[in-house]
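Quick notes on the structure that follows.
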Amino acid sequence: MVRMGPDVPLLNEYKQEFFWKRFPQTVLGGPRFKLGYCAPPYVYVNQAVLFLTPWLFGGFGTLLSQLQLLQELHAAVLSGILMCGAAAGVQALALYAARRSGTVERLGASNILVDEEEVEFTHCVSTETVRFIAPGKRFGLNVVLHTVLAGVLCGFGTWYVFLGRLTALYGSIGASLVVFVLSWVTLCIAEYSLIVNTATETATFQAQDTYEITPLTRPLYIFIFIAVDLADRYSDAVPELHLASQVLHVLFLFLPLLWAFGILPPLDALLLWGMEQTLVFGLGGSPMSSNLRLLLMFGVSAGVAVCNYFIPSTLGVVLLSTAMGFLLSLDLSQVGTLCRGSRSAFGDRELLRGGPLLLVAMAEAGVLHHFIGSAQSRSLITGPQAPVSYLLLILFCLCWALREIQGAYVFGGVFLNPLYPKGMSNVHIFKQRNRGLYIAAAIRRVLIYLVFPFAMIAFLAMDKSLQLLHTVSLSVGFTRAFRVGWQSSEDALLQMVVVILVRLAAGNNVLPGWDDLGTGVQLLLVGLLFDRVTQFLAKLKFTLIVLVTSWTEKKQRRQSAGTLLALNASLCPLVLAVVIVSALLSAPLLPLFTLPIFLVGFPRPQRSWPGPVGTACPCPDSVFYQQMSGSLACALRTAFARGSLGSLAPGSHFLGRFQDRMVWIMILERGYGYCTVNIKGLELQETSCHTVEARRVDEVFEAAFERPERLGFTQGFNLHWGNALTPCAALAVRVYSDARNVLSGIIDSHDNLRKLQDDFMKALIWLLLRYCVQKHKGFLWSSEEVSAVGGMKSQSSQLAQTTSNQPPEAVMVESNVSSIRFRQDSSSLTSFGDWSDEDDLFGPQPARRTVALVTAEAQSGHATLQMGASLPGSVEMDSLFENMALSALQPLQPLGLGIGMPAVDKGHNSEVFGERSGSLPHLNFSCPQSEVFNLPKGWRTAPLLPSRLLSLRPLFPEDWFRFTLGRFGPAVQGATSEDMTKALKEDEALKELHIHVALSCLISLGAESAFTSPSYVYRLYCGDVPWTEGLEWLSSSKELYQLTLQAFRFSFKLLFDQASLGPMESPEELFSTLEEYERDWYIGLVTEKGWHDSVLQEKPFLFSLGHDLTMGTYTGRVLTLQEQLVQVGRLNGEGVRGQWANLSWELLYATNDDEERYSIQAHPFMLRNLTVQAADPPLGYPIYSSAPLHFPCL
């Protein structure tokens, strides 16, 4: 991305025109009065008539009622019937027009990002006119349902705004007339969107409205208003209901504005948000990682509350609440695993640990409630709850202090923690310095999981309000109280401490209203209040950051910055009200275009996105995040248990940084002893915007972790407190460190290149003999088992195939299991490429050919390697991916008659040299053990003249051959005598065999003369072998070709190492080096499947050769697997939600998909570019996203 100035247009000219056509349509509910082209007047007249039709029918019914010709109920029914008939007529016309048009079209989901095409109108009721005004429904069921709802809505709406009813509410005819007229505007808008044409809503949650749910959104809210009015009409005199009806009738007039500004959520978001809020604050649960889990948990939790209401015994209520609160706070994903019979180690430990805890908790609650709960003293100072209350106060202070010292900052990120280890250069030293904090963390962990829950159960079991349990509020309150002590012990302790402090402050005085609520409801209200206050403070900080940086940051200062600041200052109470409302609704605070223009976004679940967790836009770099996700999850498990990352509320966001890698971590669920997270990886190839924000992230972390031993007074403050990122801790994670070197002076050195030929022969001899040893021991090296450089197929790829048919609902993480298990079924490799062009939000995009696709095509489409496609003198170009030459792809065959290519007899079998194997002379080995090192007959059929081989015989290192044979001989035969080894070395037939094969491979690669060109070395390393006399023979045997290619890559790695570290001093050192290459290294290209598999298999070292075309240099890339410190910080969650809400509005409604738009430009304080990247596709583009990872935190 090219960074642009702060005055880049918020919307380009085309999008501005499109927006100002769409927004009036949204305000009015669907009529298109601004088209952008000339249209006949009847198009507008027809839409206006349809828009006012509900008012005509409702006004007719109102008139009959006012003239006392019909009763109110009958007049409302008449209006509804007339509206139902009109709606049926509109749908019939739409269906007729669709059939009359005679075009065959697929009625797919409407694309909200595509502007309407210009329509040619012929007359007022033509097919084109009808289809333009009323497009019709896609499903027959919706035709019937929406038509009936239109009639019902008109009937109830007429009844809702009768003048008699309005006069009774407000006592003024003038006010009633104003409310009557404006209310019918609201009703007409809802009716039009339901039955004629649905407008695109600013509150868009799903990218596609597949089932036509959007037309039901506006009528639903009207029915809610009507329901309150009906309750007021038919209930006894309830002042609260009457007041609510008066307020809602006034609010009814502003519904169009609430719809237009996107404050009211669509139905799906409303349902999920409502269930989540009720589950968390009403039933004591946690937000869930998927919609299905949320639905199931909500149903079960609500069932427990209902059972508590009907159980007659308070003791039964206490026991059931204690048991179900404990069980529902556990990781229920493991219950399904245990039921299916696959009992994991974690599941067994849960049973062993959970059973005794449950029995002890139930015994404690039952005994205390039965013997002490009926005590008469209500005083907290002298009653039975007094000792437990003081204990809870002490535990809260102790736990808070132990948690604060675990992180890099204390007191809300304001001051540096002097106890936190300084310096991050060495992992071992860091762990030693951190040992004291580990002890404090262990004490805190015991308190949280073994002391807090039992202390809170004791407090609740002895509470007097349990005797008044059988009311709805008390049943819900105590159901929540007994559960939240397990679900979120720290938050529950804070809430209980606040209730205790209020009671201690009141003393023996009775607090009217408060004491009547009961302890359960008091805890519920305190928990809700604490959450809303926390959200308010986070939103207020986000607001101040946006306001201040819009002026102080020169690169963010637009021409309108001064005006916007003046407006915000003059409308400060309104801005504060917006922040308060968004906090009360638990809705994101939406900064429009990320400018200081604040709106209330519509409420949505904590996850912010409707789709399943784990969707990403994968690329070749995704494998590095996939590899580190397992080790990172283990490190997070430890950090969560210690409290190093602070309070872990679902919806919290963390950012991890290591070298060029950015890891985005989101908390999805939290329960007793477990946590569920989603790990995302951001792009490695940094754009300019990405680089600016990454540099600021590094500065923030350096200020926290790379600090001096002694801090001065000013150095103890967090100078980056205003940043969205607050450093928390450094975690030890096994990751690949990436080192890249320019090979100038190595690959172009003539001395090095001359030695490359000798090293190649030695590496090839070693690999040939090793091949014979593996074949003798049963490790057959077939072509199916050979990667691009001859490595064995990795276990990770086999594991991926094994688990590919399993649902990626969640991945269970255990403390003592290898981190590879975390990556067994990562859904991040499920790309978003299966969207059709019509469904694509940003229009048709060219398909990206990933490495996996190239490899799959190469393996499935070509049974044999195709060689000789490169013309002599041609220049190899690098592909789109880094370090990937086009030679690594399948070669393009030239058109025409294959000019310049070697002649191939296509009438014969490609195994032409295999036919000669029967005529080869039998080898007479002098040593019986030499048969083990015999090579396949087809490898001796090279079409080369004996004289040519004889001339190259001095290149064969006989001493190295005998030395290697002496080392491999005992490995094959076990305890071999010295005489047997000597006989092997002196077997001339065996030596001649290997000389013939090795020199044939040397000639086939065109390496019979010393290497002089770095470009030729690079082509051979990539497997792009120019045509030679023996190339077809070599390529006909895949095993021999792979051995030869691997030998050349080993020889280049030897060249690289010897140029850096010095020459090999002895054959033993060379032999051990080659063994190390085979055992611990993957030497190849980053575009090969073997590279991908080796990373997932956690090969200790990887090496690749690349070519930088822009600089004209060759580069060596070395990956080293080691334990490194990954710095992790907490992000302002409300800032993230606000930017994601703006992203959703800007792309789904304003369709502002410009890659250079203002809202995606770098912002060092808000980390705007990184936040946009981390959003779920299709709006964001993380290159990796894990399935929900569940792991224990005990």
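Going from the start of the chain as shown, residues are counted 1 onward.
Cβ atoms are placed via backbone N, Cα and C, with glycine included.
According to TrEMBL, the protein has these features:
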type	residues	note
DOMAIN	1016-1186	domain 'Pecanex C-terminal'
TRANSMEM	42-64	transmembrane segment
TRANSMEM	76-98	transmembrane segment
TRANSMEM	139-162	transmembrane segment
TRANSMEM	168-190	transmembrane segment
TRANSMEM	248-273	transmembrane segment
TRANSMEM	317-339	transmembrane segment
TRANSMEM	351-372	transmembrane segment
TRANSMEM	437-462	transmembrane segment
TRANSMEM	534-552	transmembrane segment
TRANSMEM	564-585	transmembrane segment
Exercise. Considering only Cβ pairs under 8 Å, which range in 42-64, 139-162, 248-273, 564-585 makes the most contacts with the transmembrane segment (168-190)?
Worked result: 248-273
Problem set entry | Intrachain neighbours beyond the transmembrane segment (139-162), with Cβ under 8 angstroms and 6 or more residues off its ends | 54, 57-58, 61-62, 65, 72-73, 75-77, 79-85, 87-88, 91, 95, 179-180, 183-184, 187, 190-191, 194-195, 211-212, 215-216, 219, 222-223, 225-226, 229
Exercise. Who are the chain neighbours of the transmembrane segment (437-462) in space, where the CB to CB distance is under 8 Å and they lie at least 6 residues beyond its ends?
Worked result: 318, 322, 360-361, 364-366, 368-369, 372-373, 375, 383-385, 388-389, 391-392, 395, 398-399, 402-403, 405-406, 419-420, 478, 481-482, 485-486, 489-490, 492-493, 496, 519-520, 641-644, 672-673, 1194
Seminar exercise, completed: Sequence-distant contacts of the transmembrane segment (248-273), meaning Cβ under 8 Å and at least 6 residues beyond its ends, amount to 23, 26-27, 29, 166, 169, 179, 182-183, 185-186, 189, 201-206, 213-214, 216-218, 220-222, 225, 228-229, 291, 294, 586-587, 590, 599-605, 610, 1145, 1149
Problem set entry | Residue numbers, six or more beyond the limits of the transmembrane segment (351-372), whose CB comes under 8 Å of its CB atoms | 314-315, 318-319, 322-323, 326-327, 330, 338, 384, 453-454, 457-458, 460-462, 466, 482, 1194
Problem set entry | Model confidence over the domain 'Pecanex C-terminal' (1016-1186) (mean pLDDT, whole number) | 92
